Amino acid sequence: MDGDRSDNMVARSRHKKKAGQKEKMETNKKEILNDKAKAVTGDREPAAKPENENEKSTSLTDVSSKQLLENGTKLDSNAQDLRGSYWLTRMVIVRYMGFIYFVAYSVSLNSNKQLLGKDGLLPANQYLNNIRSHVGSSSWWSLVSAAPTLLWFVDYETHIDWWLDTIAWVGLAIAVFMMMTGAGNWPLLLLEWILYHSLVTFLFIFSIFVLVCHTGWESQVLETGFLTTFLCPLLSLASVPKSTPPSKIIIFAYRWLIFRIMLGAGLIKIRGDKCWHDLTCMNYHYETQPVPNPLSYYLHQSPEPIHKFEVLSNHFVELVAPFLLLLPLRRPCMIGGVIQIIFQARVVLIISGNLSFLNWLTILPSLACFDDASLSWLFSMPVKSAVGQVNLQRKNQNKGPLSKCQSCCYVLKLFNISFGLLIAYLSIPVVQNLLSTRQAMNTSFDPLRLVNTYGAFGSITKKRTEVIFQGTNSSNPDSPAAVWEEYQFNCKPGDVSRTPCVISPYHYRLDWLMWFAAFQNYNHNPWLVHLAAKFLVNDEKTESLIAYNPFHGRPPPKFVRAEHYRYVFTKIGSPEAKSGHWWKRKRIGSYLPPVSLHVLSSTLAQMGWAVPKFTKG
């Protein structure tokens with residue numbers, strides 16, 4: 001009997017021990033989750049026992065943490081409703097903006113020296129010197145007003161290439177931080193915005209690049225990036241800084257941005273090309289867009305009713321659906337956001353052509369249509385717990401006396417109201433432009449491009465033409481025996497058997513310039529003469545901008561010319577298609593007559609460009 005009693009005592013002891021271990025494990029698990037939640041909010045208070053009469057009570061943070069973690073992976077729906085808050089939305093927007101900046105700075109890093117460097121097609125240092133001479137003042141304010149760029153404050157004359165690279169590398173580093181953390185503050189994101197503005201200035205002001213910027217994405221990056229700067233907290237880099245909630249005024253500013261983008265695009269179409277009324281524009285778009293991809297080839301050959309449906313869908317998305325974005329009702333606004341995201345990502349834009357990061361960027365302001373509740377599925381439990389804690393804390397703090405933190409919040413609210421009034425004021429000429437029968441697309445009405453008007457494809461090109469550069473080593477370029485070899489660019493059509501590329505959201509600026517150049521002649525595009533001169537010496541920097549130099553590793557050509565061709569897609573199942581050809585082409589005529597380096601010397605001197613030197617191929 002004593003043995004049985006002893007066994008029972010041992011069993012009870014083991015049971016108590018196991019129960020204690022289980023309870024300890026559960027406690028540790030909750031503490032870990034709570035610590036992760038605090039890490040997200042930036043809280044770093046050490047765990048200490050209270051020393052006053054409130055020792056037995058639990059702080060508000062502890063209570064909210066326990067409520068949030070009570071059910072393991074489920075928030076207390078009664079206390080932690082994520083509807084109407086935008087902490088998670090801000091994290092998504094900051095990460096996405098980081099992605100856009102990353103692509104934009106990558107493009108700059110890979111092409112700035114070749115296009116804007118000291119020996120580039122349009123040297124930036126030469127342009128800055130011209131501005132300095134024109135302004136006639138050494139005042140930094142006068143210079144920055146004329147051309148807003150940080151390059152005024154450095155030795156751009158001798159180190160322009162280094163500074164162009166440095167700006168791009170710093171911008172890339174900040175972009176990576178934004179993507180990795182989903183966090184940012186005013187100084188960091190304002191620096192990112194200023195750096196990009198410093199590069200974009202040249203793309204806007206150089207007359208040769210104006211057409212490229214008329215696509216609108218550079219202004220759109222600046223406006224979107226500016227909003228993202230002030231969506232973030234002043235100094236904190238915590239993902240969920242509890243003292244700085246996302247401004248609902250700026251959230252609405254994003255919605256106002258996507259509304260203007262889409263409505264502007266819709267209005268410019270119905271006021272522009274007749275084919276938007278006839279529902280025939282999509283018969284041409286896939287073939288004549290700047291840089292088609294393989295899917296463009298197949299979409300172009302869709303039946304006529306499909307193309308008409310595409311135009312009607314476009315009119316609905318751009319002229320009707322945008323008004324859902326401004327409604328103060330949660331569900332209609334979300335539906336409007338979903339429509340815009342699907343339209344940009346899946347229907348006819350991102351997947352049907354290489355339109356740079358334009359459509360990727362247009363998705364970003366649509367994200368402001370979704371609150372934390374609708375985006376919570378993207379986040380882990382600790383992050384959602386942190387947001388729940390902060391929401392509960394702020395809800396209870398509002399019931400108590402005014403604290404120092406609340407005073408700071410009121411100051412931020414005052415700033416946000418002022419910011420909203422600024423956006424409203426800058427929007428006046430934009431709205432007037434939207435309502436005007438002479439609507440201008442992709443135009444800025446303020447020097448910093450904070451609020452802009454947008455639009456795309458108001459006029460659809462019905463025929464695709466291409467400028468094809470060729471070189472020869474023949475001493476007589478006019479001889480029928482002269483052998484002309486073609487240069488191939490990275491993405492634009494050239495060789496009719498080459499598969500169209502897929503590069504979106506990346507883009508090649510030179511390829512886009514070539515697309516615009518085909519609409520005019522070389523007199524309107526003097527940089528083409530400079531490009532021909534670069535080809536005549538096998539310039540290594542210029543060669544890095546194209547896919548194939550037929551004279552690589554050989555003596556450079558004696559003459560270079562540019563021919564004008566008409567390009568059309570081959571028909572599926574046609575003999576040309578079966579032989580591997582994506583395109584058919586027909587020569588229109590000469591675009592640039594055969595030129596030698598000697599012939600171009602005087603033209604280069606008139607433009608202020610040095611005659612390129614021979615380099616080993």
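Using the three backbone atoms N, Cα and C, a Cβ is placed for every residue, glycine included.
Copied over from TrEMBL, here are the features:
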REGION    1-63  region 'Disordered'
TRANSMEM  92-111  transmembrane segment
TRANSMEM  131-154  transmembrane segment
TRANSMEM  166-188  transmembrane segment
TRANSMEM  194-213  transmembrane segment
DOMAIN    214-376  domain 'Lipase maturation factor 1/2 N-terminal'
TRANSMEM  225-243  transmembrane segment
TRANSMEM  249-268  transmembrane segment
TRANSMEM  408-428  transmembrane segment
DOMAIN    450-593  domain 'Lipase maturation factor 1/2 C-terminal'
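Using a cut-off of 8 Å between Cβ atoms, the transmembrane segment (166-188) and the transmembrane segment (92-111) share at least three residue pairs, counting only pairs 6 or more apart in sequence. Proximity of distant same-chain residues to the transmembrane segment (408-428), defined by a Cβ-Cβ separation under 8 Å and at least 6 residues beyond the stretch ends, is recorded for 230, 234, 243-245, 247, 249-250, 252-253, 256, 260, 445-446, 450-451. Helix, strand and coil counts under DSSP for the domain 'Lipase maturation factor 1/2 C-terminal' (450-593) come to 29 helix, 40 strand, 75 coil.
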